[in-house]
Structures are given as C-alpha cells and as structure tokens.
Amino acid sequence: MTNIRKTHPLLKIVNHSLIDLPAPSNISAWWNFGSLLGLCLMIQILTGLFLAMHYTSDTATAFSSVTHICRDVNYGWLIRYLHANGASTFFICLYMHVGRGIYYGSYTYLETWNIGIILLFAVMATAFMGYVLPWGQMSFWGATVITNLLSAIPYIGTTLVEWIWGGFSVDKATLTRFFAFHFILPFIIAALVMIHLLFLHETGSNNPSGIPSDSDKIPFHPYYTIKDVLGFLMVILLLMLLVLFSPDLLGDPDNYTPANPLNTPPHIKPEWYFLFAYAILRSIPNKLGGVLALVMSILILAIIPFLHMSKQRSMMFRPISQVLFWILVADLLTLTWIGGQPVEYPFITIGQVASILYFSIILILMPLASLIENKILKW
C-alpha cells in the first residue's frame, strides 16, 4: 500500500513541498530565512488577530484601546509587544533573505525574485499602516509625512493624497481605512508566499556555490525540517528576550503621547527598518526627486538580475564582488543611522554621499567588478 502522504490530493502537495522535496546537500544557515519569514508571518497574523479583537479604529478611542489592551486584557501587553517586535524580527529576516539572494545570485530565478520584490513592498506597506494604528504622535505625523509624499506626483498628486486621506487631513477616515488594509494585507501576503514557493519549486533551491546541484540532492525531511526548527527556536528566543526585557527598545517614545495635529514632534522619523529609505528620501533637496529615489531604493532590486555580468552565479569565489557587497551592507547601515539623525551638518552630507554610493555600487561598481573578475579568470 502506498503511503497516504503520496496519494492524498492535499497531503501530496505538502509532501512535495516539505517532506520529499529534493534539496541541495550544501545549503547553509542563510537558507533558513525563508522558513523564518513564514514563522514571522504566522506570529504576526495570530497576534494581530487577537489585538484586533480589542482594538477600535476610531480617532477618539484608538489610543485608549491600545492602553486598555496593555493594562486590562489577559496577557495583552505580551500580545502587543510580540506584534510590535515581531515586525522588527520580520524585517531583520527579510533584509537577510534579500541579502542572501544578492550574494549567492538567487535573483537569476526571475519569477521567484520578482514575486519576492512584490512581497517586500506588501510587507512594507502593511508595516507602515500598522504603525499608524496606535494613534500616537509618531503614528499621526508619520502618516501625514509619508502620505504627503504622493502630492509630489505631477498634476494628480494633491487629489490623490486627499483621496487616500478621505478628507483634507489625516483623520478618522484615514485611520479606519488603514486598519482595514492592515488587516487584509497579511492574508494577501500569505497568498503571494504560496506563489513565491510555487515558482521556487519549479527550479529548486539555489546553493552557496551557485553550481547546479541536481546530482547531489537530499530529502527536505528530516535534514532541513530539523534545521528549520532550530532556526525557529533561536528566533523565538531572541524575540522573547526583546519582548520581555526591553520591549520599547526599537520603538519611539513619542508614540506614547496621543496624536495631536496642533503639535509637531521635533524629529519625525519612521521605525528603524525604514530609516535607510528615509535617509535616501531626505538626501535629495527636491520633493519629486526624493520620492523617486525612495521608490528606486527598493525597486532597484528588480534591475539587479539584468546587471549580472559575471560568468559565475554566486559571489562565493569572487573576492572583488564580495568586498563591494560588504561595503554595500556597511553603506545601508550608515543610511539607517543617518535616517534617525536630525537634518543638519554633517548628517546631510554623510546621507548624500551614502545615497550616491548605494546606487553607484549596485548600478556601476558591481557589474564592473564582475567584468574584471571574468577577465582575471580569462573567461
């Protein structure tokens, strides 16, 4: 008798995706981030669902409802801080996952890569709208500043912004619709994840060497299931340490002040995971130019596959490209730091240099390095 997991219409899909899936024998811990992102998404959906049971999306009561969750709901404080810091964990895993894709040339799987970029945009949109919901000072002013960027679009900009706001300023209508979108988007993300995996399983996983691994596959279960579970335990441990010892470490104290349209906070800034893009936005003195640079800072990922000049897929054996990659990482960390600083000398200049370097490395220096490496290897 054939095993039920190989014949049952539903279990068959699970079997081919998680159990009998042929996987490369040499994938490292950098390949754990996909499953970790799945874990983060599940944590966010579950904690978010329980928060939504007690939250009210009304300007008069939103702030109080969050306070009520933390003070009066059983383990409400735990659910709230798991959700807030779960978002940070999500983005750490996301950036590591994308970085892995760039380093090992996983972007050559075009469909998988492009769905991944759409996923990144969707997660960023969800996180932004979620940050508005507690209706603190930074929620309100963050929403005002970021939605206002759309007014830089020629001709239709102002109309578009007022349409998104549902009025002439960020108000009750805005909060209600942001809550609706924040609730629905994670389920759309979950559906996109399925498509992401569908495309990935068409080709199979890449591996650190970048060489086809068809001749050396091992079953996903038990080898990589146990490896994923170890990753889960480590991430849950780190998340719980953050939640239970310093839950407000990554938050902004201004968000503990209820939203007040008449009082602007001294430094309006987004959560840490958007600071690099915020720094790029601020480094350009022109509004439309800044918005375009902001969008391009993420959309540039879609261009990367077409700039791949190397005869090798992975950076594993390409020292010049490796150096540039780690300079890019350092540059992104610099931009993150600058995004959280006030707009004054020397931060403005550092931000501008770092922004130019970011685009230069990806668009010019990395393709050049690849060509030089090909030349050295006489290819």
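A Cβ is built for glycine as well, from the same backbone N, Cα and C atoms used for every other residue.
Residues annotated as transmembrane segment in Swiss-Prot, with similarity to another entry given as evidence: 33-53 (among others).
Taken from Swiss-Prot, the feature transmembrane segment applies to 77-98 (among others).
Per Swiss-Prot, heme b b562 binding site is recorded for H83, H182, and the stated evidence type is similarity to another entry. In three-state terms derived from DSSP, H83 (heme b b562 binding site) belongs to a helical segment.
All chains included, 20 other C-beta atoms sit within 10 angstroms of the C-beta of H97 (heme b b566 binding site). Marked as heme b b566 binding site by Swiss-Prot: H97, H196.
Look at Swiss-Prot and you will find 113-133 (among others) tagged as transmembrane segment.
Swiss-Prot lists 178-198 (among others) with the feature transmembrane segment.
Annotation comment: Swiss-Prot describes H201 as ubiquinone binding site, evidence class similarity to another entry. All protein chains shown were included, and the count of other CB atoms within 10 Å of the CB of H201 (ubiquinone binding site) stands at 14.
Annotated transmembrane segment per Swiss-Prot: 226-246 (among others), in sequence order. Residues 29, 32, 35-36, 39-40, 43, 78, 81-82, 85-86, 88-89, 93 of the same chain lie 6+ residues outside the transmembrane segment (226-246) yet bring a C-beta within less than 8 angstroms of a C-beta in it.
Using a Cβ-Cβ cut-off under 8 Å and counting only residues 6 or more beyond its ends in the same chain, the transmembrane segment (288-308) has close neighbours at 98, 102, 105, 107-108, 110, 113-114, 117, 120-121, 124, 149-150, 152-154, 276-278, 280-282, 355, 358-359, 362-363, 366-367, 370. Per Swiss-Prot, the feature transmembrane segment maps to 288-308 (among others); the stated evidence is similarity to another entry.
Feature annotation from Swiss-Prot assigns transmembrane segment to 320-340 (among others); the stated evidence is similarity to another entry. Residues 99, 102-103, 269-270, 272, 274-280, 282-283, 310, 347, 350-351, 354-355, 357-358, 361-362, 365-366, 369-370, 372-373 of the same chain lie 6 or more positions beyond the ends of the transmembrane segment (320-340) yet place their CB under 8 Å from a CB of it.
Residues annotated as transmembrane segment in Swiss-Prot: 347-367 (among others).
Sequence-distant contacts of H83 (heme b b562 binding site), defined as residues of its own chain at least six apart whose C-beta falls under 8 angstroms from its C-beta, comprise Q44, T47, G48, L51. Separating the Cα atoms of H97 (heme b b566 binding site) and H201 (ubiquinone binding site) is a whole-number distance of 17 Å.
Between H182 (heme b b562 binding site) and H196 (heme b b566 binding site), the C-alpha separation comes to 21 Å. Ranked by Cβ pairs under 8 Å to the transmembrane segment (77-98), the stretches 33-53, 113-133, 178-198 are led by 33-53.
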